[in-house]
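Working notes for the structure below.
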Amino acid sequence: MPGGPSPRSPAPLLRPLLLLLCALAPGAPGPAPGRATEGRAALDIVHPVRVDAGGSFLSYELWPRALRKRDVSVRRDAPAFYELQYRGRELRFNLTANQHLLAPGFVSETRRRGGLGRAHIRAHTPACHLLGEVQDPELEGGLAAISACDGLKGVFQLSNEDYFIEPLDSAPARPGHAQPHVVYKRQAPERLAQRGDSSAPSTCGVQVYPELESRRERWEQRQQWRRPRLRRLHQRSVSKEKWVETLVVADAKMVEYHGQPQVESYVLTIMNMVAGLFHDPSIGNPIHITIVRLVLLEDEEEDLKITHHADNTLKSFCKWQKSINMKGDAHPLHHDTAILLTRKDLCAAMNRPCETLGLSHVAGMCQPHRSCSINEDTGLPLAFTVAHELGHSFGIQHDGSGNDCEPVGKRPFIMSPQLLYDAAPLTWSRCSRQYITRFLDRGWGLCLDDPPAKDIIDFPSVPPGVLYDVSHQCRLQYGAYSAFCEDMDNVCHTLWCSVGTTCHSKLDAAVDGTRCGENKWCLSGECVPVGFRPEAVDGGWSGWSAWSICSRSCGMGVQSAERQCTQPTPKYKGRYCVGERKRFRLCNLQACPAGRPSFRHVQCSHFDAMLYKGQLHTWVPVVNDVNPCELHCRPANEYFAEKLRDAVVDGTPCYQVRASRDLCINGICKNVGCDFEIDSGAMEDRCGVCHGNGSTCHTVSGTFEEAEGLGYVDVGLIPAGAREIRIQEVAEAANFLALRSEDPEKYFLNGGWTIQWNGDYQVAGTTFTYARRGNWENLTSPGPTKEPVWIQLLFQESNPGVHYEYTIHREAGGHDEVPPPVFSWHYGPWTKCTVTCGRGVQRQNVYCLERQAGPVDEEHCDPLGRPDDQQRKCSEQPCPARWWAGEWQLCSSSCGPGGLSRRAVLCIRSVGLDEQSALEPPACEHLPRPPTETPCNRHVPCPATWAVGNWSQCSVTCGEGTQRRNVLCTNDTGVPCDEAQQPASEVTCSLPLCRWPLGTLGPEGSGSGSSSHELFNEADFIPHHLAPRPSPASSPKPGTMGNAIEEEAPELDLPGPVFVDDFYYDYNFINFHEDLSYGPSEEPDLDLAGTGDRTPPPHSHPAAPSTGSPVPATEPPAAKEEGVLGPWSPSPWPSQAGRSPPPPSEQTPGNPLINFLPEEDTPIGAPDLGLPSLSWPRVSTDGLQTPATPESQNDFPVGKDSQSQLPPPWRDRTNEVFKDDEEPKGRGAPHLPPRPSSTLPPLSPVGSTHSSPSPDVAELWTGGTVAWEPALEGGLGPVDSELWPTVGVASLLPPPIAPLPEMKVRDSSLEPGTPSFPTPGPGSWDLQTVAVWGTFLPTTLTGLGHMPEPALNPGPKGQPESLSPEVPLSSRLLSTPAWDSPANSHRVPETQPLAPSLAEAGPPADPLVVRNAGWQAGNWSECSTTCGLGAVWRPVRCSSGRDEDCAPAGRPQPARRCHLRPCATWHSGNWSKCSRSCGGGSSVRDVQCVDTRDLRPLRPFHCQPGPAKPPAHRPCGAQPCLSWYTSSWRECSEACGGGEQQRLVTCPEPGLCEEALRPNTTRPCNTHPCTQWVVGPWGQCSGPCGGGVQRRLVKCVNTQTGLPEEDSDQCGHEAWPESSRPCGTEDCEPVEPPRCERDRLSFGFCETLRLLGRCQLPTIRTQCCRSCSPPSHGAPSRGHQRVARR
């Protein structure tokens, strides 16, 4: 046989998965009673004797024979006392007959094949089955269940161990001697404890089915329906006595094994032990096991199939036992449960032997078809198997299966899934106690409430070990050949039996009473002497515990208090406590905050972190009305549910949706009254008053009678707390009732234009029943409502009326009081979405509401508290795809057959009010695509074309002339030509310049090659539009640099420097040099102002004002009036054909100092000197200030100063020189102060300075010379010269042939008598006066004068430093400054003498005139230049070698001009922006003839000898124009009433679209009024057949105000809905008129009407149908009828 674990090694525990039942101790066939016990060693043999209460010996006969036969009057509750010696200890048994073991009508019957063999009804059964306690003076005693019918046989507890006792088979009782008995400890089953085997196979039978308890719950409900008088459950857990009326069946193998009549005694002994286990206090309930019927099967029953297959055996037995059960609980033989004892080796789900010991239905007690169990006989431990299976019938599950009572260590319990190797007493665990208590409190054990009708027969009981010695116990367990194994272990701990050659144990101790020594036996696992049995101790209740913590923090939780039956604990067969065991009360009644999950949901969520079949789930509760107090949950998004707990936490509502307060308490649904007491039965009256009588109930009713309405209309308000609500239509109508909350957008019923089905709906905390029969609607609810509910009517047709009423609670005495009105602002419903697809807008208006009256005028509410109307976006279903077509572009041609207009066509979907999304074209394939091109302007004929002739010859042979040609309209199309497209008929032609003979002047004496009148009259000769070159951004904005300056006009922005024609400038300059050698009579005066006009001498203009008289400033400079640009601006170049400004890199800044800096050697950073803004006086070409005169109003403004003509070494000096006898040209010169010395000739006035806020310009006077010079750090000082021209002369001078005499210049600051002038302030242009009043050289010099030169570096206090007092002028003039770097511009240049002889020469001696000396002239040198301004030189010397000897007046000309043609070339400006960015345009640029030296403008004929003039026009923008891209129109800003749509307009490539064809970006939309047609429901057909008409109401309604429009034309933008339609078109079936039985009016009256001929009237014919109908031919007359009746 399979082995078991080694001794004292615990068997592994299995996690229970079974619900029906498990095995405890499998047995093996054992010997029959009376067999030999040889081979058994270490048996504790005891010799019990019967004693009295004091311990005195009474008899060796353990149960008196006389008592069995005669003394039937002996008290059944008389105790029996026994003593025995067990392991040297004296044990005393105090036993009492088990009065509840056998029912008064107990029947023991034997069944044979074919029927009942015999039945024995015992009216007075021997009371030899005893219950009580064993005591030891030192050891702790315990319960004892002993049968004393034939010796002592049973079980008892000692020292927390179980012991069996039974008589010793080998030593039968002898008269006068004590009968030997065997005592041994309870052991684990042999097959689980076979020596040397460590495995413990499972002994569980049937797997758990979670729906078993649900089935039981449903069965209980059906039983309650069948038995309505069943009392309801009580609020408290009450301990009540229960009697389990039991049928015990022993199968044929049992009877054969134990034999007759011992088998009956054996079975009763087992059941007596079972009854003792159910009397253990650990079970927590008083339960009596009572046998009403014992059936012994000698043969197999035909309908009872007992096999190894436990499941089939249980099924067969349950069916069989039900068939033999007596109907009616009052029958003496009716049993509550049935127990089968069999010697078959059971196996769950298989028909072969295995380890299963028993099987039972879980929670099957009191169910006739399920209250049954089967148990495998294993000897006396069979009692524990029976108790285990009965525990399953009471709904107890295995310890550790779904609970936390898994056995720990060696402490087993009765409901443990397996037995452990331990002899400790088996008791009920805490979980078993809770299971059986809940089973009974549920009312599932009602069949156990009836006790047996008669007294129970007393019969004696002795410990089983007295009746069955150890050898007998081995034979009972292992068969007839088994014997006790000696010296293996303490028999009171473990019973070891020999099976073949091996000792086996079932880990059970020998039963109590088993002999273990001299006068000792096993008791409760110890070998003790037989002791005295104490008095029975009934149990007593302890005090109530403190109330537990509330099971919930809100929402009505539960607290409990309990007491235990521990003061004292029942002992020695004492009675268990009866009465209230646990009480409950409610707590934390306040409602939980809104939004919290339900209490069941919280309990389900506790399992979210636990794996279920290897996965984590989010559990949500499942409603289970059958078992409302079980926790059933399902994973979210799954479709299966699982019972996660047998019972929910106390305080969980039984039902989630029902309006019930019932709570689950201790796994049972308890009723909660309105007073919040459990099972109080308190009820509310009809208005919700608990224990009320209805006196405070007030019924409110009303009728809504408005006949017409639009959409949802408020009917009335049901307040919170309303009950008995009834709402119904007065008559049938096609309208619909609706319910909404105070939130206008929250509807409970029929909201959102959606009609719901009939049924129950949760509304405001209660249930409304919605019923619609035909067109008649009503709503009912018991209430109460937890919030106000608005009744609304959805109009479809005229309203016949809506009646509503409800009941509300009002305090008594308050009926006559009118509550004050309460006004408040509320939001109305949201309007319909402004769009039917995509995203739109909804609005919610605010209205004033009175609590009772409903909506009222806004004047009643507080205007300051009025909330703003709300607006929100609304989203409808996506808009369908559609084609969008843009606007037609401008026609490609304004006339002719080729005109074509295009537009963009896109597939789009409207997303929102102002948003569209583009789709692929296939999305719009279901719609026809709009055309993208259309012909245009093809009906318009094009204008005629222009025809042109050939150009004529130029009108001049040189210079500029004109050319002409004929231009005619061809009239080829019949339409006049377009004047705007007419070609030019006259153009300007330019030929080479007209040249004058060299050395001669023009007709007017001008050296320019043309007359001054010609120059003056050519308005386009010098471009007036040229502006000064802008200064860099880092420089301050320059001041004005105009030529015409007026005093006291500092605000005027005067034009900057402009350019003059270098040709005239250069020629005049050369004439000036000719004046140096020719006398006044030889060379005429030249105009040095740079105007190009010859100015008459002062004496020839008598009208000119005196030079000494000031002229007031009366008007701005003439230059600005003539179109010359004013102050510099960032864009001073207007487009003009043939003209272009100098390139930006060549533009001259407006800062005056820049014009004086060297161009070639000056670094780029020169403009960053930070020069201040100032006004620069108009300076003529020769350096003179030239005020504007009437004659010079059209003078060309001066551009660059003449210093820029100098070579680099001399460009830092500007010398303006004029002779003393010359007058400055112009007018308006101010009166100058007189000379400081009276010996000097008077000064000539120079001109006026430009007035500024701080006059920073001083005036200089010299001996006949006035010079303007800016003096600034790094600037240039003035140079005074009378005889030597300093402008452009250095480039004309050849190296000197003869040394010049040395001349010295003394600084004026060191000379006495120098006048002082105001010192310029910081930041201004410093002008230094150099006056050489007494330092003029003798006039006999050759024309070299003194040129005092100021310092370039400022001295202290801002005054310029001076040079040394005496500096040779000639060496300074003919020397080259050494510029080492641009940084040296602030220092005085180091001069390098060109002629050392000149530097060394001293002052000249007095002149000694040599007679006959004459001038000698050398050969002319080559021209200094090939073009432009040049000169030739020749040496001139006096024949005597001393120039002083020759007359200066006769000196030949040493230099003269050459090559008068300027170096000219065409200069092209930048191309202008194309006139059209696409489609063919033109670009222009300015082409000018300029001097190649400094790009000064020249007249065009200067460039004609050179290359041809570059083109000034060119085509551009030839690429074709692209179409403008336009997005889809955005949603209209208004749904109606006129809005605006916008769209994006852009060019795919910037600049490649025709701007003139740019589409509009906005357009008006939704111009129709805000109205729509509103239709009502169709009315009833006017006729059910034969052609009828249905009509409906059609109105034009303003969607903004909701009011109908008087003028239906306002809805003209929508199609008129049909207001009628045909119906009932099927043909009517012919209907026979109803048969007239009798007249409705009296017979006499009808006869009178008939006689009067009124039967022709339909009403009369209907009322008197019998009288008015013609008599039938076959009908007897009334007279005949009367005769017949007679």
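Cβ coordinates are placed from backbone N, Cα and C, and glycine is handled just like the others.
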Can you tell which of CYS554, CYS577 Swiss-Prot lists as bonded to CYS565 through a disulfide?
CYS577
Disulfide partner of CYS372 per Swiss-Prot: which of CYS318, CYS431, CYS447, CYS474?
CYS318
Quick test of your reading of Swiss-Prot: among 224-243, 1024-1043, 1604-1623, where does it put region 'Disordered'?
1024-1043
According to Swiss-Prot, N-linked glycosylation site sits on which of ASN693, ASN971, ASN1419?
ASN693
Among the candidates CYS554, CYS604, CYS629, CYS633, the one bonded to CYS592 through a disulphide according to Swiss-Prot is CYS554
Within 10 Å of CYS527 (disulfide bond) (Cα-Cα), which of the disulfide-bonded residues CYS431, CYS485, CYS592?
none
If we take the Cα of CYS554 (disulfide bond) and draw a 10 Å sphere, the disulfide-bonded residues of CYS497, CYS577, CYS587 inside it are CYS587
For the disulfide-bonded residues CYS347, CYS516, which Cβ has the most other Cβ atoms within 10 Å, all shown protein chains included?
CYS516
In DSSP terms, helix, strand or coil for CYS485 (disulfide bond)?
coil
Mind giving me a neighbour count for CYS431 (disulfide bond)? Other Cβ atoms within 10 Å of its Cβ, every protein chain shown.
21
Can you tell me the three-state DSSP label for CYS318 (disulfide bond)?
helix
For CYS372 (disulfide bond), what is the tally of other C-beta atoms lying within 10 angstroms of its C-beta?
29
Expressed in Å to no decimal places, the gap between the Cα atoms of CYS565 (disulfide bond) and CYS587 (disulfide bond) is 27
Would you list, in sequence order, the disulfide-bonded residues among CYS318, CYS354, CYS366, CYS405, CYS431, CYS497 whose CA lies within 10 Å of the CA of CYS503 (disulfide bond)?
CYS497
Among CYS577, CYS587, the most crowded of the disulfide-bonded residues [Cβ within 10 Å]
CYS577
Have a look at the disulfide-bonded residues (CYS354, CYS366, CYS522, CYS592) and report the one with the fewest Cβ neighbours inside 10 Å.
CYS592
Please identify, from the disulfide-bonded residues CYS474, CYS503, CYS527, CYS550, CYS554, the residue with the sparsest Cβ neighbourhood, meaning fewest other Cβ atoms within 10 angstroms.
CYS554
Would you mind reading off the Cα separation of CYS372 (disulfide bond) from CYS366 (disulfide bond), to the nearest angstrom?
10
